[in-house]
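Record features, source Swiss-Prot:
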{"type": "TRANSMEM", "residues": "8-28", "note": "transmembrane segment"}
{"type": "TRANSMEM", "residues": "60-80", "note": "transmembrane segment"}
{"type": "TRANSMEM", "residues": "96-116", "note": "transmembrane segment"}
{"type": "TRANSMEM", "residues": "126-146", "note": "transmembrane segment"}
{"type": "TRANSMEM", "residues": "155-175", "note": "transmembrane segment"}
{"type": "TRANSMEM", "residues": "181-201", "note": "transmembrane segment"}
{"type": "TRANSMEM", "residues": "206-226", "note": "transmembrane segment"}
{"type": "TRANSMEM", "residues": "255-275", "note": "transmembrane segment"}
{"type": "TRANSMEM", "residues": "279-299", "note": "transmembrane segment"}
{"type": "TRANSMEM", "residues": "329-349", "note": "transmembrane segment"}
{"type": "TRANSMEM", "residues": "360-380", "note": "transmembrane segment"}
Amino acid sequence: MIKSLQRFVGSDAFGGVILIIAAALAMILANTDWTSHIYQAFLNTPVEVHVGSLHINKNMLLWVNDALMAVFFLMIGLEVKRELVCGSLASARQAAFPVIAAVGGMVVPALIYLLFNGQDAVASTGWAIPAATDIAFALGVLALLGNRVPLALKVFLLALAIIDDLGAIIIIALFYTSDLSILSLAVAGAAIVALALLNLFNVRRVGLYILVGVVLWTAVLKSGVHATLAGVVIGFFVPLKEQDGKSPARSLEHALHPWVAYMILPLFAFANAGVSLDGVTLSGLFSLLPLGVIAGLFIGKPLGISLFCWLAVKLKLATLPQGTTFKEIIAIGVLCGIGFTMSIFIASLAFGDADPALAVFSRLGILLGSSLAAIVGYLLLRRVLPVQKAVA
């Protein structure tokens with residue numbers, strides 16, 4: 001009994017359970033009269049950092065989303081790089097699979113949303129809301145299945161979600177960002193060059209990559225682009241090749257894993273899942289905006305991912321990840337309908353100033369669509385994934 005409990009606490013499934021508990025707690029606190037103001041006060045607590053002439057002043061919510069989540073994306077970057085170099089994405093046709101899947105997972109949900117809202121000039125600006133995937137929550141749900149999930153399937157989700165996030169960042173920059181700082185982007189470019197040079201000269205001190213990475217993160221943050229992108233870039237440049245039996249990338253990935261699973265992701269869930277339902281009515285649920293979001297996330301995501309994957313295999317543009325089945329890909333497609341925080345962020349950019357009522361209705365659609373995707377995606381994966389024999 002004790003050994004079983006120890007195995008569970010040390011498993012990915014335990015991290016998924018903590019994340020879901022944190023999300024549920026946030027929803028309760030945000031929608032209870034005597035705790036909602038405490039919850040909001042915590043999220044809005046200002047935290048300032050001064051280093052010379054550099055001044056960063058963000059509230060607690062933004063520090064979690066921009067700083068801590070950059071660490072999460074650093075670990076994701078390390079994992080994807082490992083699979084690109086020597087794993088399930090090592091060939092061009094294997095690597096093309098998640099790229100094609102991500103394109104389908106963005107295009108089809110956006111088109112379905114526009115089927116519902118294309119005639120409304122204001123509502124149609126939210127077309128990108130169902131195109132996003134919340135990688136943290138999707139991985140949290142996947143983690144509930146523990147060692148039943150093949151590594152290739154997890155890497156497929158990671159790669160797909162990263163490309164999806166990159167697509168969302170590009171969409172935000174092109175359609176929802178009024179001004180970008182050219183100077184900050186230039187500094188970010190210089191930092192990327194510095195990381196490339198460190199890798200080129202086989203510098204194996206992880207601390208140097210982190211130091212340059214902090215400069216990169218700060219520049220990206222100041223540029224107006226989503227700062228978590230810096231984490232992925234850093235992860236791609238940390239050396240993977242073993243020397244004297246040690247790999248900097250593998251060592252860093254191993255060191256980050258418990259911090260990400262048991263602290264960063266639960267904090268992220270707690271800070272972002274507390275969406276107030278104040279002003280949401282049952283009649284609002286059946287308006288075109290939330291229905292378009294729900295259909296885009298719950299139907300458009302799996303349809304787009306599955307259809308584009310099927311076409312890619314049939315046209316011999318890509319191959320299924322080794323050891324996976326098409327049923328598993330469909331189930332992962334459903335799971336990718338968890339838009340949640342990235343969708344809420346895009347909705348706030350699309351409707352926050354123009355129409356607060358539309359922002360409320362879009363949140364309702366995001367919550368329902370993402371919840372449906374999480375529950376059905378988990379149940380489908382539980383059904384299609386083989387059960388692993390317990391180790392005595």
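Placement of Cβ uses the backbone N, Cα and C atoms for every residue, glycine included.
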Other parts of the chain folded back onto the transmembrane segment (96-116), taken as Cβ under 8 Å at six or more residues beyond its ends: 89, 124, 126-131, 133, 156, 159-161, 163-164, 167-168, 288-289, 291-293, 295-297, 299-301, 303-309, 311-312, 317-321, 329, 333, 336
Region pair the transmembrane segment (360-380) / the transmembrane segment (279-299), three or more CB pairs under 8 Å: yes
Contact ranking winner - 155-175, 181-201, 255-275, 279-299 against the transmembrane segment (329-349), Cβ under 8 Å: 155-175
Interface-richest range of 126-146, 181-201, 206-226, 255-275, 279-299 toward the transmembrane segment (60-80), CB pairs under 8 Å: 255-275
Feature contact check the transmembrane segment (155-175) with the transmembrane segment (206-226), CB under 8 Å, 3 or more pairs: yes
